[in-house]
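**Student:** Below you'll find the structure I mean.
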Amino acid sequence: MKVLPPPSIPLLGAHTSTAGGLKNAIYEGRDIGASTVQIFTANQRQWQRRALKEEVIEDFKAALKETDLSYIMSHAGYLINPGAPDPVILEKSRIGIYQEILDCITLGISFVNFHPGAALKSSKEDCMNKIVSSFSQSAPLFDSSPPLVVLLETTAGQGTLIGSNFEELGYLVQNLKNQIPIGVCVDTCHIFAAGYDITSPQGWEDVLNEFDEYVGLSYLRAFHLNDSMFPLGANKDRHAPLGEGYIGKESFKFLMTDERTRKIPKYLETPGGPENWQKEIGELLKFSKNRDS
């Protein structure tokens, strides 16, 4: 099983809109100065998804070629719970995982990002084992080694969600790495909300060392860049524009300049829409360029 290699240059983007067609998210990315984007390939709040039409596939691939955007990420639907204790929801989730991965392969997308799941009334151990089983069922889709990596996103520690600590993510990665191409997407707001202090370079040093211990830095494949409206350890998933929350710009400067993180693709999910994303991308690129000068 071949695994998609990391990019050779820093890539920055945002979660852009597919209104009017999937291709439009790519063009919106170009218009805000992005080199990558995150999208929804289907309605994120419904179980059913439409079959991809050939015209949609061709237009999407043409947009990629025209804009030179790469390492596109799809964010899977919010209803999917790979560790659901309810057998009906679990089966729907497994079908949703399979369909999402299949569509991403068809479109030539590089990353597909999932929320790991919620234990609800079951134990976290049972939930994590179900999560492993759910993703394992999609292993045959990777027999031909498509350039796609499944990412599990860090969570903010609210409720019974899995993935708010690196030990849980490490368990999932270690149990899936020989079955599917697997990695982690670190959401800066989420890990801060979960108690990981990333407000300073030393804070990031400690966090990266802990991630390496439990998961392995080679499995850190993407970042969601968000500041936090709430303080450290609040377990609240509320995004703020970069530098306008409790995390601060120094944290994002570190990610753009440290050799371990600067080339890992980064996707903004901050409030403010395209105008703000264009400004934030410009500021992040300045951090990177100042490092090289």
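Every residue, even glycine, has its Cβ placed from backbone N, Cα and C.
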**Student:** The Zn(2+) 1 site in Swiss-Prot includes HIS75, HIS115. Which of GLU54, GLU55, GLU58, GLU153 is also listed there?
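**Tutor:** According to Swiss-Prot, the candidate sharing the Zn(2+) 1 site with HIS75, HIS115 is GLU153.
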**Student:** Where Swiss-Prot shows GLU153, HIS224, GLU269 binding Zn(2+) 2, which of ASP126, ASP187, ASP197, ASP206 is named for the same site?
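**Tutor:** According to Swiss-Prot, the candidate sharing the Zn(2+) 2 site with GLU153, HIS224, GLU269 is ASP187.
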**Student:** In the same chain, which residues outside the set GLU153, ASP187, HIS224, GLU269 have their CB within 8 A of the centroid of the CB atoms that define the Zn(2+) 2 site?
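**Tutor:** My list of surrounding residues reads ASN113, THR154, CYS185, VAL186, THR188, CYS189, HIS190, PHE223, LEU225, ASN226, TYR267.
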**Student:** Return the member of HIS75, HIS115, GLU153, ASP237, HIS239 nearest to ASP187 (Zn(2+) 2 binding site) in space, with distance defined Cα to Cα and candidates limited to these binding-site residues.
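**Tutor:** Closest recorded candidate to ASP187 (Zn(2+) 2 binding site) by Cα: GLU153.
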**Student:** Please list, in sequence order, the residues in the chain of HIS190 (Zn(2+) 3 binding site) that are at least six apart in sequence and whose C-beta is under 8 Å away from its C-beta.
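**Tutor:** Same-chain residues close to HIS190 (Zn(2+) 3 binding site) (Cβ under 8 Å, separated by 6 or more) are GLU153, THR154, THR155, ALA156, SER164, HIS224, ASN226, ASP237.
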**Student:** List the binding-site residues among HIS75, HIS115, GLU269 whose C-alpha is within 10 Å of the C-alpha of HIS239 (Zn(2+) 3 binding site), in sequence order, or say none.
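**Tutor:** Final answer, ordered: GLU269.
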